[in-house]
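Have a look at the structure below, then the notes.
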Amino acid sequence: MSQDLWSFCLSRLEHELPPQQFNTWIKTLQADEEKAGASVALRLVAPSRFVLQWVRERYLRRIGELGAEFHGAPIEIELVLPAAGAARPAARPVIGSGPVAGPAPAPTPSQAPAATAAAPAVVTRPAEPESSIVTASDLAYEKTRLNADFTFDTLVTGRANDLARAAAMQVAQNPGTSYNPLFVYGGVGLGKTHLVHAIGNAVYRHNPRAVIRYVHVEDYYADVVRAYQQKSFDAFKRYYRSLDLLLIDDIQFFNNKNRTQEEFFHAFNALTEARKQIVITCDTYPKDIQGLEDRLISRFDWGLTVQIEPPELEMRVAILQKKAEALRVDLHDDVAFLIAKNLRSNVRELEGALNKVVAFARFHGRGITLEVAKDALKDLLNAHNRQLTIEHIQKTVADYYKIKVADMHSKKRTRVIARPRQVAMWLAKDLTPMSLPAIGEAFGGRDHTTVMHACRTIAELRLGDHQLNHDVHVLTQVLRG
């Protein structure tokens, strides 16, 4: 009976979920008919605690609904880990069409704790606390320092990050052979850290025996200092050179730390020579990092460098909807568009604004309406709109390029004047809600087609002109505060 029920659930979920989610989370579950109790209609065995927690939080409720549909009444579902000595289900492909090579997970030496679902809308906890059992697999995952919530499934994608995501998925599928190192750069709060954790989690799911470490540069620096103080550099070197995957965040903080750069240089060489994967994040293009040795910068160019840009409107709306889903709140499109239209800088700012709206609504006992959102974000929206005026953009760009603000309105076409003016037009279009005709009017009464041409020119030049791209990036960060 359990197999028939689970086959029904699998069939329905395969049509409801994206293939990536279905193959990663649902297809790895196995129905255990022998050990299902009289009160339990379906007992599912998850291959690891990581998968168990993820399924319980995101899919168990839906499985319960399908079970009730199959039986014609609410049922109880039990979600457990393999019993001691039991063989785990084989690992399945996670991303793309091809699996990542790696040994199957080792059996988990633990008594399986259960998570149960009674009626479709209710999830109950096991009598025994799940935290009372710690397996070797749990300890191995904890040592990676990965965030289990940061996966490719939970990453909202759009034009701003589609190239970076595609490259990251290639690296996760073929660590050490595709794009080594992978260098991801972009402004604060755009999802770089999420992306590197997603790589680590994908590799770990395929190969739990892989030695993975996520480390922020400041923690790496602290490890170097500790090794120096304790005279334990041999152990330090052995550890970092034993990794299969090194994910290092915010490399720009290596600036002027000579001993740390020296150690990382040798670790980098050892890992790449052994075909081990390195993924690096930074807030700027490699050649623009201040205080970093040229030999390191040149090695960053060995692999692939990709940029994550600020999310476009549609992507910002999708990010808000995803966050609302995680918070289990109903977010209407008009509220999402209000937030997304006015807050453009990064994902953290968007999520912070949504959290503020939700808290405001709950405190006042009101639903999340457009009026409530405007009240909750009144100060933030007013400050944002005051700061990002076309006049403010013109002054900031003029100061940056050391030209006069009057040049923004003039008819001069020399390169030293025309290019900054085009940059200012591009920023005005990207950072303000002003229409193209209104922007043109603010730049000396120019036609909207001139603004369109300027924006198109800057967008195209940014693809190949690293200095211009850096200028635009810096100006954007300055203007957004």
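Glycine is no exception: its Cβ is also placed from the backbone N, Cα and C atoms.
Since the structure is predicted, the reported quantities are computational estimates derived from the model, not experimental observations.
As annotated by Swiss-Prot, ATP binding site applies to G189, G191, K192, T193, with the evidence given as sequence analysis. Residues annotated as compositional bias 'Low complexity' in Swiss-Prot: 111-123. If you look up Swiss-Prot, you'll see 1-74 marked as region 'Domain I, interacts with DnaA modulators', on the strength of sequence analysis. Residues or ranges marked as region 'Domain II' by Swiss-Prot: 74-144. Under the heading region 'Disordered', Swiss-Prot lists 101-123. What Swiss-Prot lists as region 'Domain III, AAA+ region' is 145-361. Feature annotation from Swiss-Prot assigns region 'Domain IV, binds dsDNA' to 362-481.
Listed in chain order, the extra residues whose Cβ falls within 8 Å of the Cβ center of the ATP site residues G189, G191, K192, T193 are G186, V188, L190, H194, L195, T281, I308, N346, V347.
Looking just at the region 'Domain I, interacts with DnaA modulators' (1-74), the mean pLDDT is 80. Sequence-distant contacts of G191 (ATP binding site), defined as residues of its own chain at least six apart whose C-beta falls under 8 angstroms from its C-beta, comprise L155, N161, I308, V347. Neighbour counts of Cβ atoms within 10 Å were compared for the binding-site residues G189, K192, T193, and the top value is held by K192.
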